[in-house]
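*Asks:* One structure, as structure tokens, below. Some questions next.
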Amino acid sequence: MRDDREAMRDGERRSEAVRALRGGGVKVCLLSEEIGDEPLRENLGDDTEEELIKDLCSNYDNSTRGKRFRTNLNLIFPSLISNGSRDYGFFNASSGINVPDAAYGLVQCRGDLSKEVCEGCLKFAAKNISSRCPEGRRAFIRYENCILRYSDEPFFSRVDTNQTRLLPSPNFASDGYLLRRQVESLMSRLTSEAASNASKFAIGSISYTDPKPIYGMVQCTRDLSEKDCLSCIQEMIKGVYYACRGKEGCRVTCPSCVVRYEVDAFSDRFILTPIPPPASWSSSNVNATSGKDDKSWMKAALIAVPLVEGVLLLFAFSVAYSMLRRKINKGHNISGIIGDDIERAAEFLHFDFGLIKSATGNFSTSNKLGQGGFGSVYKGQLSNGQEIAVKRLSTNSRQGSEEFKNEVMLLHKLQHRNLVKLLGFCLKGKEELLIYEYVTNGSLDKYLFDPTKKSDSDWETRYKIIRGIARGILYLHEDSRLRIIHRDLKASNILLDDEMNPRISDFGMARLFGVDQTHDETKRVAGTLGYMAPEYVVRGIFSAKSDVYSFGVLLLEIISGEKNINVNQSGYTEDLLSKVWQHWREGTALEFLDQSLSSDASIEVIKCIHIGLLCIQKNIEDRPTMASVVLMLDSNSGTLPNPSPPPFVLGSESAMSELEFGRSTINEAQTHISLS
């Protein structure tokens, strides 16, 4: 046992850390387990264990109201566990949100876990939180691998840094200064990465002392915005610096986020970042060469490191600039493509034209995947075996050059599992190439409208696609570092990977919006008839709600398996929006579902049809935001507003008479158009 003096010193250390946290702005609840040396280990019953990091139960209530709350909670509990492990390790749900005693629940797993490990942890958490908090209206439990939280008050998308738990390592580092500097560098990188991506998770490592690196992880709950996630992580990092100074490891957690670093690997997914500490950082080396004090070598390091980084950045920019300047000298007006953004283009990987030509078999017809509005797309394979998709933009096309600029300058800044990944570009003479990751299952239109492929589908897969597209658009509108309006959302611009996860592609028409900008106008309306919002087609006005409209049309296509405008064998134009509205008005909405699908999820299907109709409302104000759409898709409760007739329903007051398009245009409604 520890003697009294050791126990007193331990208590003083805890008090000092708590005082420091208070001064640093971190909200803590003064419980006995705020700062601890070791988390409690609990056995799952199958020879595996979970580390209990934190649990909380409050607001006990065994009254009638408490029973109503438990009823609502029991309605969402099963879906939390089943969907939490299935849906990328995160799920939230609510029940009874329009009545008293509503229940709100959220689960999330660590971002590097398998589905099986995630599911095991969530089941264990559900079992234990029920036994630990049988009558509590608010509960939170965090294990090493997952969290589970519920409350009688809404907490989704809100930062909660209360109930902070600090777990410093008992061991001190041999070089405390070097450790702190490397931890700061690692945490800065991981914080930015986690806050800006949809998973709200980042993991990585950095050099420390041979052979030991430092491993780090940060994670927020996925309902937080980029700004809120960043704020939460920064609060927890304060705890790292105050309570874990000089320690070889530390974990700081709260309900909304967690920060961790260790000198021992705690994940299989670490990739060592090549940022080795300079040799001059070693105090023995410094003293041997200079004989100066610590301040001298610290000053030298602070000068040397930025200098080296600056030289490397200058070199990279010079190479890219020279390459682009040679293109200008060959008579190609690059200013129309890159303009003032030339420096930012240097951040991207430039591919050699000969390499891409070889990878695509000299742009062989057999490798052609499709034809877009501004060029052709080819499949290719690099010498290392990596498969790529290459968009070869049309030569001498002003619109193609604008698309090139848009794709390079926008897409390379975006990272989301539901966006296609741009690998790089190529400029040579009049050739403009965009190189993407190859997405194995092709575009959504082939999956939806091909009789053979659609017969192999099921409702669960289509619902997964719907939700993925919605989250991708939400990322563009609200959760990325930029605010982007896509303007060309349609089935052929949605790609499907090997697990049928959707990837939004083709950002050639995308527009960047300012923080407070609500809409913009254009004299050149470009897009695909049937997907374009009425205010965009008629007046050239576009906004985030234009994308919402396009998503609504796309959602209805996914449900029905039909194109939004069809011309049958007799030449009669069939309008999907008229069809869905007729079913909705007559109470036969389930008949709108693709007949090739067999599904027992009738409530889910009707909910999706309802959401689709809300998205295609004529009045911009009546359409939901993408944040609301994602919330409606993820929630199994709540009352949705009643929709009004879609704007382009044939025969309605706001029908196609608003637009003076001839039959030939309607017959080609699925083609890319430009109306000047």
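Note: Cβ is positioned from N, Cα and C throughout, glycine not excepted.
From TrEMBL, for reference:
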- K391: ATP binding site (BINDING)
- 51-155: domain 'Gnk2-homologous' (DOMAIN)
- 161-266: domain 'Gnk2-homologous' (DOMAIN)
- 363-649: domain 'Protein kinase' (DOMAIN)
- 300-324: transmembrane segment (TRANSMEM)
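So that I understand the layout, could you describe where these features sit and how close they are to other parts?
*Replies:* Every protein chain considered, the tally of other Cβ atoms within 10 Å of the Cβ of K391 (ATP binding site) stands at 26.
Averaged over the domain 'Gnk2-homologous' (51-155), the predicted model reaches a pLDDT of 85.
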*Asks:* Within the domain 'Gnk2-homologous' (161-266), count helix residues (DSSP H, G, I), strand residues (E, B) and coil residues, in that order.
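*Replies:* Residue counts in helix, strand and coil order: 39 helix, 34 strand, 33 coil.
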